[in-house]
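Reading through the structure tokens given below for one structure.
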Amino acid sequence: MSVLLSVSDAHVSYGKVEAVRSVSLEVADDEIVTIIGANGAGKTTLLNAIMGVLPLKGAAAFAGIDMAPLDIEDRVAAGLCLVPEHRELFGTMNIEDNLQLGAFRIPKATAAKSFERVYALFPRLKERRKQLAGTLSGGEQQMLAMGRALMGAPKLLMLDEPSLGLAPIIVADIFRTIGELRAAGVSVLLVEQNAQAALKIADRAYVMELGEFILSGPAKDIASNQRVAASYLGFQHEGTSGI
Amino acid sequence: MNTTIMLFLLQDGITNGAIYALLGLALVLVFAVTRVILIPQGEFVTYGALSYAMLATGQVPGTAKLAAAMGVVAFGLDLFDARRSLRLKRVLRAFALNIALPAMILALTYGLAGPKTPIGVNIALSLLIVAAIGLFLYRIAFQPIAHTSVLVLLIASVGCHLALQGLGLVFFGAEGLRGPALSNTALTIGPLRFTGQSLAVYGLTIAFIVALWLFFGFTLMGKALRATAVNRLGARLIGIRTTLSGQIAFLLASLIGAISGILIVPITTLYYDTGFLIGLKGFIAAIIGGLVSYPLTAIAALLVGSVEAFSSFYASNFKEVIVFTLILPVLVLRSLAAPAVEEEKD
């Protein structure tokens, strides 16, 4: 397996406040990697910096190319795609237009295939393709945001809190779809507060606290780590378990 | 007042209103995509009109040289921006757009300008020149500060207006100019006489509105422009370059401005600074449309034109005062209807 994304010794700051300190991570081809951590740990900041929305100090390479001189649009062209926490859909345009714009950078013929693929992953979007994005429910908006990102046939999809504010049954649906992406040849970097669900589908995981990675390893090991279990999974190994 | 006078005034108002509608639409377009309130829209009108008028007398207008000079500056900026990853392809593309294109326009202008040049060629040359100026104006003045607040962009916009107006004085002199009419045919219906020129105004306005509607509704690029207007970050995240959207918006705005100018310069004498006032009336229509609504802007523009026509009949001294007063009730109503919003940080 070759390394798709590699970030080493990354720092991200807002003015004088350093939100991410000396973080290194790797995502390989066909891998699902998750970053879990509490609210405010710096997960979103890190994703935004990898995407180029925020300036990143340190080294970051994607598919072997140094990303420092690339702006957001170049990174998208290289095959990196972010589904941001607030989804950033085009609310006054319908589902079909949103998806079509997701394929803005790729040739028309490929876009037609992308449509089929996205509609197969999210049949709900096909049913409602003439509905305005702004009038969709939270779950449908998340599906549309992921669908729009997938339209551009990215190599690595970065998902920022896809389960945020969604009903449990829809969260299960979204996570099932993320699992299916691997089969489609898309790697995933998933940032989640819902650690339980994230660790279940991920191959590897990083645990972030106060801007730093405090743990990393195969998702199974992280899930069985006592400290992680206590802080993020909501139960304790010794004695009574409960939520 | 009798019906005939009323019809005359209405006709006059609608003709002017159609021009204001074009300018208002361009303002809404530019604001939606780039958040720039395009004060120099009026200069696009005068540059288009007076370049056309000068070409009609066989002279080469200074605007063609201005476009070439701005291209050189834009080329420099492009190279500076790309200094960290200076690839040959990128340099060649920048060269083609910023140096080769305006140089070709300049050469064409020198080659074709003459007292016997057909009107169509003159129009095409004027449009090319002003479109290039619009494109480079965005590249030079607005693209480097595209991320700043609306207020900063507005101040830059006022600066551009003053600079372009000053250059207009250099290129065209203080004397007003008039251009030849597009057609000398006329049509009489009842008491009203429609000149070919006013019919061209109506026709082109409608054609432009339909074309804009088709462009924004059905083409990928048009949708990308709308997407940029709706959500800048969302657009960037799927790879739509907001700089490209901005350039297209300015290109369209300068084209619309130049066409408006060419349409009115056979009807009224234009001076180097007339454009500002004309642009301002388009701006009133755009404000009535809330700087977002195209149909509302077009209707408001017809209203502005009609009010102008009637007030110039009844109280010509107060013509401008009455027209600009139209904006007050709209602003009051809008400020009451909409809660105060902090400007978005992005």
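Placed from the backbone N, Cα and C atoms, the Cβ positions cover glycine too.
Note: TrEMBL annotation is automatic and uncurated.
Residues annotated as transmembrane segment in TrEMBL: B:20-40 (among others).
Residues or ranges marked as transmembrane segment by TrEMBL: B:60-80 (among others). Sequence-distant contacts of the transmembrane segment (B:60-80), counting only residues of its own chain at least 6 positions beyond either end whose CB sits under 8 Å from a CB of the stretch, comprise 47, 50-51, 54, 86, 91, 94-95, 97-99, 101-103, 105-106, 109-110, 113, 125-126, 129-130, 132-133, 136-137, 139-140, 143-144, 167, 170-172.
Beyond its flanks by at least six residues, the transmembrane segment (B:92-113) meets 55, 58-61, 64-65, 67-68, 70-72, 74-75, 78-79, 82, 121, 125, 128-129, 132, 136, 139 of its own chain at Cβ-Cβ distances under 8 Å. Annotated transmembrane segment per TrEMBL: B:92-113 (among others), in sequence order.
Under the heading transmembrane segment, TrEMBL lists B:119-138 (among others). Long-range contacts of the transmembrane segment (B:119-138) within the same chain: residues 34, 40, 44, 47-48, 51-52, 55-56, 61, 63-64, 66-67, 70-71, 73-74, 98, 101-102, 105, 108-109, 112-113, 160, 164, 180, 182, 246-247, 249-251, 253-255, 257-259, 262, each at least 6 residues beyond the stretch ends and with a Cβ under 8 Å from a Cβ of the stretch.
Annotation comment: TrEMBL describes B:150-174 (among others) as transmembrane segment.
Residues 11, 14-15, 18-19, 21-22, 25, 29, 181-188, 222-223, 225-226, 252, 256, 259, 263-264, 266-267, 294, 298 of the same chain, all 6+ positions outside the transmembrane segment (B:194-216), place their C-beta atoms under 8 angstroms from a C-beta of that stretch. Annotation source TrEMBL lists transmembrane segment at B:194-216 (among others).
For B:248-271 (among others), the entry in TrEMBL reads transmembrane segment.
Residues or ranges marked as transmembrane segment by TrEMBL: B:283-309 (among others).
Residues 280-281, 284, 287-288, 290, 303-304, 307-308, 311, 315 of the same chain, all 6+ positions outside the transmembrane segment (B:321-341), place their C-beta atoms under 8 angstroms from a C-beta of that stretch. The transmembrane segment annotation in TrEMBL covers B:321-341 (among others).
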Result, the transmembrane segment (B:150-174) in contact with the transmembrane segment (B:283-309) (3+ CB pairs under 8 Å):
no
Under an 8 Å Cβ to Cβ limit, what residues of the same chain, 6 or more beyond the ends of the transmembrane segment (B:150-174), are close to it?
34-40, 42-43, 46-47, 50, 54, 61-63, 66, 137, 141-142, 271-273, 275-276, 343
